[in-house]
């Protein structure tokens, strides 16, 4: 008898281990009701959870989800055009640095861009105005000076609104800060070159070779900023369009000779309204 009891105890102790608990009939039967209760309680909790989730999360229409996930064709087209513009502008920036492929021509291209700078043209127009002795010449120069001021102010205002950086994000120079040509869009040099060339072609009598050179100069001035890596291709194109718009505006509000003479007298402090 004692050996049988010891064997039964050893068998119960072995069956009481976690890995053999399913073989113990007494423990498995004792735990089955609790497991059944737990299993029966789970389905009752699921509807309440689902109901609370339905109350917490508002229902969304499938059409709205599709509209948010699928971008519009217009957005895809604009992003593609911007990517192409940036890629082509970076490839054309061959004079951006001295280590670039055309880095040896950087000084010459910089000098070409300087010929279309706003400060250069304003100073040159004022010098020519002080040396002009004819009323017709002074009339043209005064209107050109006003056109240059309008061009600088308009381009600076649009650049402040858009705030687009160049393809290489270079720091603007000292003259650029003076002329308020800090950002890339629209191209100030291209706008000024287009406006000045159209202005001179309309109000000066020039030979055909000079007219061709003037148009070529305007195009090269706008292109020089792209070669220097400071502006995009679209900036140059929009700059040319804005320059033509400035020319049309100045032709509409063209100042007469008497008005120009009054402005000259006021600026030189020699205006005498009583005499």
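Placement of Cβ uses the backbone N, Cα and C atoms for every residue, glycine included.
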- Message: I'm validating the feature mapping. Which of 88-108, 109-129 is tagged transmembrane segment in TrEMBL?
- Response: 109-129
- Kindly report the helix/strand/coil residue split of the domain 'Phosphatidic acid phosphatase type 2/haloperoxidase' (140-251) according to DSSP, in that order. 83 helix, 0 strand, 29 coil
